[in-house]
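Feature annotation from TrEMBL assigns transmembrane segment to 21-41. What TrEMBL records for 97-128 is region 'Disordered'. Taken from TrEMBL, the feature 3'-phosphoadenylyl sulfate binding site covers 148, 149, 150, 151, 152, 229, 237, 354, 355, 356, 357, 358. Annotated active site, for sulfotransferase activity per TrEMBL: 148, in sequence order. Under the heading disulfide bond, TrEMBL lists 337-349.
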């Protein structure tokens, strides 16, 4: 009997065996979980967040000196890493401006960095800001003449090309304002990128004796554009413009002739003198090659503006972007106009003074002036290698 009792106590039941195994497995799983937790979270993280570390360091700034000393190295590293991340993030959005425009104190750069952190990138703002970049350069090309030939039309038409930036007003630097210096002249120019051409137009340069030498001293590689038209109609247009400003001036015939009965033309009158194109061209050829001068036909500029602008673009080394699709003919003005851009509700035509009706000149006077200009025209055709058919 005693032996039976002892044997029953020595042999554990099946339920107690199951409980023991369960506890063993449970304990093992907890241990494994603890080990994994320690490996993943208690050691240094594989991809630490410098932003998190920087914020943690900032919160710890109020701690005691001992803790600050312990964290100083790690916090310094976190701050440096954070700055690197900001630079890397900002790099794709940064344009390449002129250093002189963006140079400033360290504090201003810090304020700019703070602004970059607080504001998201705006593509439209970046595009608008691009217009402020670039440099003010001396012109690569000049429209040097001639008055009442169509120079304003050429300037307005060519400046719609994305690779051309042009000064809208006439600076008269090489004839009236040369004593103000090149720095003053450069300051008038629009900002241009390296890939863009800077232009200006002053028609009086063509008849100014000092202009070729002065322009050559700026750069002998300057490209020159001269817009010419029939010298007789040009003179009448010139007189019409002057008459609109000074109604009391003498008649066209009185100004054009020293002796009308003998057909003696007064070449001292500026309206007549400008049309003697060959005489002025000879002065320019002392400083520039004929290949550096492009002559635009004022007549074809009216009948075929796209064709004339195509040749101007070729001369300037530009891609032919300005084509027929940019123009329409305004029958009221008798002049081509630019079609309206997408941003405007109206087309772009030249001012009221362009395309005005000329004063009526006696046909006999016109024939006398044609005879006067004919020998000058023939020499001009030979020099430029093109017959403009004005006779």
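In case you wondered, yes, glycine gets a Cβ from its N, Cα and C as well.
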*Looking at the disulfide-bonded residues 337, 349, which sits with the largest number of other Cβ atoms within 10 Å of its Cβ?*
337
_Rounded Cα separation (Å) that holds between residue 349 (disulfide bond) and residue 152 (3'-phosphoadenylyl sulfate binding site)_ = 11
*asked:* Going by a 10 angstroms cut-off between Cβ atoms, which of the binding-site residues 148, 152 has the sparsest surroundings?
replied: 152
*Would you pick out, from the binding-site residues 237, 357, the residue whose Cβ has the largest number of other Cβ atoms within 10 Å?*
237
*At the Cα level, what's the spacing in Å between residue 357 (3'-phosphoadenylyl sulfate binding site) and residue 337 (disulfide bond), rounded?*
17
*When you measure from the Cβ of residue 150 (3'-phosphoadenylyl sulfate binding site), how many other Cβ atoms are you left with inside 10 Å?*
28
_I'm trying to understand the geometry here, so how far is the Cα atom of residue 337 (disulfide bond) from the Cα atom of residue 152 (3'-phosphoadenylyl sulfate binding site), in Å to the nearest whole number?_
12
